[in-house]
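Colleague: Quick one: this structure, given as structure tokens, is what I'll be asking you about.
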Amino acid sequence: MSSECDAFRNPPVVGVAFALVLTVGIAISYIPQHLKILHRRSSEGLSPLFLLLGTSSGISAFANLILISSKSVYCCSNGGLTRFECLNGQLGLLQVGTQAMFAAAILVLCVFFTRGSLLQDKHEYAKIYKIYLFCIWYTVGHGVIILYVLFSNRPILYGVADCFGILATALASFQYFPQIYTIYKLKHPGSLSISMMCMQTPGGFIWSASLFMSPSAVWSSWLPYFTAALLQGILLTMCVYYSRKFPEKLDEERREIDEANERRGEQEPLLEP
């Protein structure tokens, strides 16, 4: 095992620092999307299939990294690695875990902060709530498989990890097609944040390169994010194009939000005891 652990020894300080900064950047890039949902209190513009596939992809990618990173965890326990070397070995897991958590937060916000909103389509909300329940069970299922592989059947570890990676890649690829279609129909971004995509599209290519160069890298750990960055670039181009070509739709959207906020403000005093 000592020879396998050598891959984690003496990591470059600059590389580790860059990976940590990238992790913070991943978290920050989702904040505009979270804030836009909180402000609009509507999931308009966000395809339910986009939320389903995006959340599921993040869960599968995180499961992939948990299994792949188990070797570096073992080296930290038995291979005599320093804390700094252990941190370097877990950076991929930290990055993917951050992305999965903040992506799932989009679905959670759509469930809990658009419920009862005057701007939220009730039929659309029912779909999103079912997706939310499915993703809970999807996470539980992945957790059971991970525990079985780690504690009962380690010889199949990398095979199962690759299956999770392939699943994450497929879901990440397909997630953008329903979203692209939704934006094409609406002709405006709705609750989809352009600011988020402006950060994530170039960041996705940088991140996939960072995962590719990590000590425990395999193709299934970086390919989902490279694929997602390509397709997100197409979606970003569409959103910017429609925002410039149909500015009146954005003005109409702002008026609807202002009117809904005014009506909500008028109703709230009536609900007080």
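A Cβ is built for glycine as well, from the same backbone N, Cα and C atoms used for every other residue.
Pasting the feature list from TrEMBL:
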type     : residues : note
TRANSMEM : 12-33    : transmembrane segment
TRANSMEM : 45-68    : transmembrane segment
TRANSMEM : 100-119  : transmembrane segment
TRANSMEM : 131-150  : transmembrane segment
TRANSMEM : 156-177  : transmembrane segment
TRANSMEM : 189-210  : transmembrane segment
TRANSMEM : 222-242  : transmembrane segment
Colleague: When you scan the chain for residues with a C-beta under 8 Å from the transmembrane segment (131-150), skipping those not six or more beyond its ends, what do you find?
Modeller: 48, 51-52, 55-56, 59-60, 63, 66-67, 70, 104, 107-108, 111, 156-157, 160, 164
Colleague: So if I exclude everything within five residues of the ends of the transmembrane segment (12-33), which remaining residues of that chain have a CB under 8 angstroms from its CBs? That is, six or more out.
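Modeller: For the transmembrane segment (12-33), the nonlocal Cβ contacts are 84, 87-88, 91, 94-95, 98-99, 102-103, 105-106, 192-193, 195-196, 199-200, 203, 206-207, 210, 213-214.
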Colleague: So which residues does the transmembrane segment (156-177) touch in its own chain, when a touch means Cβ under 8 Å and the partner is 6 or more beyond its ends?
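Modeller: Hits for the transmembrane segment (156-177): 49-50, 52-54, 56-58, 60-61, 63-64, 67-68, 70, 142, 145, 149-150, 218-221, 223-225, 227-228, 231-232, 234-235.
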